Structures are given as C-alpha cells and as structure tokens.
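Asks: What follows is a structure written as structure tokens; I'll ask about it next.
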Amino acid sequence: MQRLLIRQCLESEGMRILEAQDGHEALDLVANNNPDFVFMDVDMPGISGIETCRHLRARVESEDTPILIVTGADDQETIDLGFEAGATHYITKPLNWPLLGRLVKYMLRSADTYKELKSKEDHLRYLAYFDHLTDLPNRRSFTEQLRRNLVNSEKNEGQTGLIMIDIDHFKRINDSIGHERGDLVLKKIASRLQTCAAEIGPIASEYPGAKKTYPLDAFALEIARPGGDEFSVIVRNPYGEEQLNQIAEHLIDCLSEPIQIPGHTLVITPSIGIAMAPDHGRAPEELLVRADSAAYAAKAEGRQRARMYDSSIAYDSAQELSIEEGLRHSLLTTGLSLVYQPQVDLFTGAIIGAEALVRWEDEQGNAISPDRFIPVAERSGLINELGDWILNRVNADAKAYAGQLPSKMSLAINLSPLQFNQSNFVERLTSTLKQLEIQYKIALELTESAIMNSGDDSIGKLHQLRNLGFKLAIDDFGTGYSSLNYLRQFPLNTLKIDRTFVNDLGSESGNAIVNAIVSMAQALGLDLVAEGVETAEQATYLRERGCYSIQGYLISKPVPIDELARLCQHDFRATVGLDSEDG
Ligand code: C2E
Ligand code: CA
Ligand code: CA
C-alpha cells in the first residue's frame, strides 16, 4: 500500500519508478538499470536495507547515487548505521507525503552538482598534471615523478636515469610551418616516444646483466613533456650508463624518422642529455641541471646525438662566454685565418679542389678547434658575421691567386645550417660573391640535417644556388638521416663520405657502409669525395669500389693558400697507390 502511494507521489513529479520486493531484487534492479536515485525501507524481507546500502556503495556505478532510507521515528541507532553504510539521507515514518517529492528532487539536484564538481576536479587535476596538447604528464608531474623515483632508488640503493630530449631547431620549424602545425609535430613526437618506450621495455629488460641486479618489472620508462619542445624520460633502475646510452640511441632513431603532417614531411632531430643518479647527483634539481647541460653539450657537438653528463661539461659551459667574447673580438681584429685542404682525383693524382677551413687563435695565441667555436658562434648569432668573413676571405684568396691554381679547380666552403636557413641567405651570398668575380667554381658544403630541417623552401633555395653556378655537396654524408627519396629531391652534385666511415674501412661494417654510400651515389648520379683518407690502402679500396676523389692527411693537412698553390704542382699518383705510368 505504502509503495503504491510512493509511486504515485514520485510519478506525479515526472520520475520513472522501478519497484523491488526485497533487498536481493533491489540489487538486481540497480545492476540492470543504474537508477539515478534509490529509495528504501531499512526493514525489508531478506537482507536488510542497511546491508543493501553497503552492497550498492561497493558498486563503482552507484558510488555516487543518492540513497534515501526510511526508518522508524526515533530509531537513532538505525539512522547512524544507515549513514555508515552509505545512505545519503533519511526520513522517518510516518512519511510526510507532500514533502517526499520535493526531497527526492532536491537530493537529485545536489547529486548532479556533486558529479559536476567531481568531473571539474578531475579536469583540474588533468590540467594541473597533464599537458593537454600531447596528453603526456607535464612539468609538475615530471618533477614529482623524478622526486619519487630518486627517493625509491636511494632507499633500494638503485639507480635512476634521466634522459632530457630537446628537439633541434624547433623554433625554426614553428616559424616556418606555423604554430598549429608545430603543435601537430609535437603531438606526433609524443606518440612516437610512447611507442618507442613500449618497444624499449622488453629489449632493455633483456639487457645482459639487467636481471642479475633487478627484478624484471623494476625496470620502467616514464615519459613527460616538461615544456615547449622538451621531453623527458625517466628510466627506473637502468643497468648503467651504457644501457642509458643505448636507450638514447634508440630514441634518436625513432624520432629521426620523417614526420608526416598535412602538407609537409619533416625530419626532426633530437639532442639528448643523460644523467644518472646517484653518480651525477641525488637531488632532482641537480640531476636535471646536469642532464640539461649534457643536452646542451650534445647540441654543441653537432646535434642529433646523445651525451652522457661528465665533469668536463660543467667546465665547457663556463668557457662558452669567453669563447664568444674572444671570437667577437677576433672578427674585428686578426685572430682568424683560413686554410685549404686539397682534394685529389684518384685516377690522375691531380688536385681538383680544396676545402676552406677556418682557424682561430685566441688572444693568448691558443689555437681553438672549429668544432669548439663554431657551435658557440651558432648559439650566439655570431655565425652570420663569421660566415661573411669566411666568404670574403675566400674571395680575397681566390683573387690573389687567380691563375696560380688549376683553372678547373673548385673551392669548397662550409655553411652552417644557421647561415643557410636565413631567409635572405641567397642574397647575402651573392652580394658578397658579386664582388668576387672568382674564376674558380665554388662548392657549398651543407649537412643533411641542415637541408632537411629548413622546411619546404630549402629545395627552392638549392635550385637558386645551382642556377647561380654553385656546386652543392652534402657534408659528413651518412651520419645524418639518409634517405634516397629525400636526396632525390635535392639538386646536388656531391656526397662527402664522412671520415668516420673511411676510418672504419677494413672492418666488415666499415666496408659495407662505404659500399652502400657508393651505390646510393651511383643511383643518384652524384660525385663522391671521401674525407679523412690517411692511408694508400684506403685510397685504393675507395678507387676500386667506385669513389674517385679523396681528401685527407694522406694528401695533406689543411694549409694556407700559398702552400696550396705549391701543392697543386705536385703529382699524387704514387701517393694514392697508382703506378706513375698508369693513368
Ligand atoms: P668538416 O667540414 O667535416 O671538415 C673536415 C675536418 O676533418 C677538418 O677539421 C679537417 O682538418 C679534418 N681532417 C681532414 N683530413 C683529415 C684526416 O685525414 N684525418 C682526420 N682525423 N681529420 C682530417 P677541422 O678543420 O678541425 O674542422 C672541423 C669542423 O669544423 C668541420 O668539419 C666543419 O664542420 C667545421 N668547420 C671548419 N671550418 C668551417 C667553416 O669555415 N665554416 C663552417 N661553417 N664550419 C667549419
Ligand atoms: Ca666540410
Ligand atoms: Ca665533413
């Protein structure tokens, strides 16, 4: 009778009612219908209302469903039990019919508000701890991850690896393709990192020795995006530095695969810094600073590489400023000079070209390697002035030695990617070279990544340069991302085989790489120059495989222009392993 009244009362408020005879049936009904509201008497046949309440609350789906219980008038004890079991509210018998409908409505409304609040809170938590572009944990979570891991590894006397990944030239990518597409690129990078980390897990746990020291599941990778174009990977319980290096290499490979976004195919490259606790620090801040400065060093060493922190790195960054100041000063005075390294034809033994290489002596008279100061010049923006200085110097040397070098000879100039990527680069180059009237061919040496990272207009620039009569060479070929499809698009003349590969000749893998490069060059119809050739055996091998010019200490170190002119008189056939009667 009472149920019928309740039904009528609530239906008149526009609610749909399901009725159960007892507690068991009530639980079934709830399970099948997920109602918005539960209303029950504590006195029920079978399991009690209190017990039913408890069961309901144990279900995830009815965790927040308002439950209204009906008790006897002065039954304090049951009311308390009801609340403990999870009831939301109670009313006592006899029921106040006019009030019941309103009470239920009020309870429903506050349940909605609660749900809304809760989802807002979830959202806030999400906003606070996740980066909404990539869905990766953000800087705040990253810091907490790192702190947690360091506490654990300290407790278990284990190690924690920190890998900081910085995307090379991301600002320029953003500037050239726009921020929206830049965001897309970041998203792709994030999902690639996740895939890659999933691949690394099983591989890394098979790392020899890993199981000896740690249980398998203790190894884990945690990825985050602490900021802009910066990503982090925390490696829980790495086996040691060597394993962290391997992981970093794997990450570089994954990330260097071309990225497709609508209208563009990009190749991005990462520079990676690694630090490991406790060896490089125990506090999160300390480890972070060290991994960051290792990433910085990786950039300085030419990008697209990983660098493990060591004590020399701290020293390097302290010196950076003094190098920059010294260099700036030398641009105005005389610390800079240019030397030339001859390139020889492996059939005629004649010098067919020379590469200009910059030299710098600081004010104390110390020779500083270009590998050292070029990156500083790039970071400080001095590279453009330095580049102009080099162009002018080549100009002056070529004019002064007009007629004294073989007329078909080419002079090669190294270009920093930063120079090439300037929007007015071609104008800047031609305005310097307009006054050149050089009788020799000028070859421009660029690295693969310089071309590939400079966006869609790089092909146009290269065509412009070709039309202006420049030769184009890819420097350090094989160390960057080499894809036939990419190279085919570029109007190139020459590939320069990196000296590390030449150095490896004689070993199976060294030979294989050089053979692969030779067939690639043949497929693309490009000339080859091998760098860093130091022995006649290397020269002979290269000639037999199909690489016909070389550069390296076997012929000569880089020398001043007057010395180069003298070397040009020389016949290098015997030097490169040919009988003088041959050829
Ligand atoms: P790179 O363009 O690959 O230059 C070749 C480097 O290999 C030169 O080092 C050269 O001295 C060295 N080398 C030549 N033959 C041999 C050999 O047989 N064995 C060995 N072990 N090394 C050899 P360098 O002059 O110290 O230049 C280092 C790098 O600095 C260059 O690498 C280039 O990336 C950069 N660089 C040098 N001059 C310039 C410049 O004028 N402009 C720009 N943008 N970069 C430059
Ligand atoms: Ca070069
Ligand atoms: Ca090179």
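Here the Cβ of each residue, glycine as well, is placed from N, Cα and C on the backbone.
Grabbed the feature section from TrEMBL, which reads as follows:
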DOMAIN    1-108  domain 'Response regulatory'
DOMAIN    158-311  domain 'GGDEF'
DOMAIN    320-572  domain 'EAL'
MOD_RES   Asp41  4-aspartylphosphate
Asks: Just to be sure I understand, if DSSP states are collapsed into helix, strand and coil, how many residues of the domain 'Response regulatory' (1-108) fall in each?
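Replies: Residue counts for the domain 'Response regulatory' (1-108) by secondary structure: 53 helix, 13 strand, 42 coil.
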Asks: Around Asp41 (4-aspartylphosphate), how many other C-beta atoms are within 10 angstroms of its C-beta?
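Replies: I count 15 other Cβ atoms within 10 Å of it.
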Asks: Tell me, roughly as an integer, the mean pLDDT over the domain 'Response regulatory' (1-108).
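Replies: Mean pLDDT across the domain 'Response regulatory' (1-108) comes out at 86.
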